[in-house]
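Written below as structure tokens is the structure these notes are about.
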Amino acid sequence: MRKNIVAGNWKMNNDLAQTQEIIADLKKQMSGEPAATVMVAPTYTNLYPAFEALKDTPVIVAAQNMHQEANGAFTGEISAAMLKSVGVETVILGHSERRAQFKESNELLAKKVDVALENEMTVIFCFGEELEDRKAEKHFDLVESQLKESLYHLSKESWKNIILAYEPVWAIGTGETASPEQAQEMHAFIRKSVADKFGSEIADEVSILYGGSCKPGNAKEIFANEDVDGGLIGGASLKAEDFLAIVNSF
Ligand code: 3PY
């Protein structure tokens with residue numbers, strides 16, 4: 001049975017005190033077993049305090065990025081081993097903001113995925129099309145090439161540590177959201193592509209999250225789709241109440 005997962009990406013928000021505050025709110029407001037696996041991704045400086053504060057809860061702490069090299073002269077960068085040394089075993093790779101603003105290519109992301117997996121980490125791999133790709137009806141081809149170029153060299157065994165996160169980039173920070181039908185259509189396409197390459201057993205097991213302005217008001221409709229296994233949540237994960245409302249939308 002594949003897992004339902006809701007992951008909050010706090011992006012470059014929240015200093016230490018604010019991180020501690022939202023974690024305290026999450027702990028206070030979470031009652032019993034959450035309806036899905038819950039993850040939060042604070043910025044680098046807050047990973048260790050978040051890990052310490054959440055280690056007695058089911059909430060998993062993830063990083064928002066990592067470098068593909070093990071160490072060396074890469075000023076400002078963080079390696080997989082450094083993340084692991086502070087208890088972080090899950091990493092978001094290829095978020096649309098990193099692809100757009102930091103020019104992360106499919107090729108670079110393939111290297112980052114390999115390094116994360118070599119370090120026995122779980123990867124939340126993000127990909128998705130821009131508005132012009134969709135308007136030109138190239139969105140399926142584009143998404144499949146992102147998967148092929150960054151993930152289709154992996155072994156079948158590796159897929160147990162891969163979570164996919166489809167981001168319709170045109171629905172991030174624009175006030176737009178993909179309709180539940182658009183989300184299901186793309187998620188079904190993604191699952192079929194994985195099945196064609198790696199077999200239906202792997203495709204049926206991989207969680208595919210939706211990431212595109214998912215919020216308490218639309219999560220239920222989006223998550224109700226057969227091939228949507230949760231969400232990668234941006235802005236709406238910055239308030240414990242909203243984030244938990246999304247978690248409880250299953
Ligand atoms: C957002 O919805 O803001 C995202 O970044 C989805 O990944």
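These residue numbers are counts, starting from 1, taken along the chain as shown.
Backbone N, Cα and C define each Cβ position, glycine as well.
Not measured: the values here are computed from a predicted model.
Less than 8 angstroms from the CB of Asn9 (substrate binding site) sit Ala41, Gln64, Ile92, His95, Gly211, Leu232, Ile233, Gly234, Ser237, each of them six or more residues away in the same chain. Annotation note: Asn9 (substrate binding site) sits in a strand segment as assigned by DSSP. Residues annotated as substrate binding site in TrEMBL: Asn9, Trp10, Lys11, Gly173, Ser213, Gly234, Gly235.
Annotation comment: TrEMBL describes His95 as active site, electrophile. Within 10 Å of the C-beta atom of His95 (active site, electrophile) sit 27 other C-beta atoms, taking all shown protein chains into account.
Other Cβ atoms within 10 Å of the Cβ of Glu167 (active site, proton acceptor), summed over all protein chains shown, number 25. Annotation source TrEMBL lists active site, proton acceptor at Glu167.
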Sequence-ordered recorded positions from Trp10, Lys11, Glu167, Ser213, Gly234 with Cβ under 6 Å of an atom of ligand 1: Glu167, Ser213, Gly234
List of residues, in chain order, with Cβ under 8 A from that of Lys11 (substrate binding site) and at least 6 apart: Thr43, Gln64, Glu97, Gly234
Per DSSP, three-state class assigned to His95 (active site, electrophile): coil
Spatial separation of Gly235 (substrate binding site) from Glu167 (active site, proton acceptor) - C-alpha basis, Å: 14
